[in-house]
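So that you can see what the record holds, here are the features copied from TrEMBL:
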type     : residues : note
REGION   : 1-20     : region 'Disordered'
COMPBIAS : 9-19     : compositional bias 'Gly residues'
REPEAT   : 103-133  : repeat 'PPR'
REPEAT   : 134-168  : repeat 'PPR'
REPEAT   : 204-234  : repeat 'PPR'
REPEAT   : 235-269  : repeat 'PPR'
Amino acid sequence: MDGRHRAPGAGGRPAGDGRGALRHALLPRRACAQRRHAPHRHLRLRRRPLFPAHPPPRAISPRPRHQAVPGHLLLCTCLARFYLAPRLPHHALQLFGFMPVRSVVTYNTMITGLMRNGLVAAARLVFDGMPDPDKVSWTALIDGCVKNGRHDEAICCFHAMLLDGVEPDYVTLVAAISACAEVGALGLGMWAHRFVTRQRLEGNIRIANSLMDMYARCGQVEFARQVFDSMRKRTVVSWNSMIVGFAANGRCTDAIKHFEAMRKKGFKPDAVTFTGVLTACSHAGLTDEGLRYYEAMRAEHDIAARMEHYGCVVDLLGRAGRLDEAMSVVATMPMRPNEVVLGALLAGCRMHGDVDMAEQLMQYLLEQDPGGDSNYVLLSNIYAAVGKWDGAGKVRSLMKSRGVKKRPGRSSVEINGDVHEFVCGDRSHPQAAEVFDMLGLLSHEMAGREAVSYE
């Protein structure tokens, strides 16, 4: 792959063009990729064929005439956009391959369209062929990676963009911050926050909302609150970010307080708002309050309950031991309950030792998600909790006969800009001995504590 990282002054740019400062003063402490001629370990791509194995019929072939000249560039770009819109990306790729001249707009159109069609590898190959990608090119690449779930790749591309001396705009920053939220890259997210402050972009609502979401997902809910408090103008998304963030971090009282403040300020809560409120009530054990909010959502705010709302209510009732009511909610749902809703009820059965209901639920779960390992493990644990070891053994045997394997637990932590990932039972980390020694020490300390407070 052709390198995207140019040394200062390379690529036809003067060494003192003002962008050199960005490469040094504003660059994060660590980058995923090196400069030109260095190994691109995180950006290396496997080459894949861009064209389908069987070419399309000649009648709809997008191949232009041989006498196509640069004057037809705009027409070819528009035609490529036409093929990308109705999800015919292979036709657009054929047209792109036959174009004798390509502009930056053509490249950007292809990258954006391919990303929208989920063809990340093809979009990367098109990007790598650009002689001089601009800010729009980098943004399309990073945003496309985020929307296709390639968050680690998006972060590496963001690093590469900075190394290339291209200054991100607010769209790029929103995408990069969203990627940081997904992988827990708090260090890079905080660097992006400082960059936003330097560029005086704090007033951008989309950036502020992204920062709040990133901080909340990384467990730094107080930083999220600081961003929220500094906002001159807020939207429903802003309030939702705080409510959901507080609920996810065990700050249930704060979540409910912000919900009430949101209503007093005249904002109309939406489905996401009530998901956060119901989650907060469930985690705090506020069963009656949660049910009142649930009824108000449907009666006062005319919001139809979604699958996630039913899951919250079932979890709310299950934690309180009101399993019959939880089962009634599941039975009266207008849609078929998914594995999340049934899993919440199954968790309530485990909490209160209701083996009979757990066995009934397992039949539904096996029909919907026969390969879901968590449900098998949960039922096995229910049997074990009440001393029914034969039942636990049967569940394990059933998993083995169906080829279901328990997925190992996975976690990650960021230290000095490096994200370290750990998998249960994996000793391949270079500091595995120290990690397991500390784990043993922590387990010994935790064994002497009866309860842990989350408030």
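Glycine residues also receive a Cβ, built from the backbone N, Cα and C atoms like all the rest.
On the 0 to 100 pLDDT scale, the model's mean across the repeat 'PPR' (235-269) is 95. Remark: secondary structure over the repeat 'PPR' (235-269) totals 26 helix, 0 strand, 9 coil, with classes taken from DSSP. Across the repeat 'PPR' (134-168), the DSSP tally of helix, strand and coil residues reads 26 helix, 0 strand, 9 coil. DSSP places the residues of the repeat 'PPR' (204-234) in helix, strand and coil in these numbers: 23 helix, 0 strand, 8 coil.
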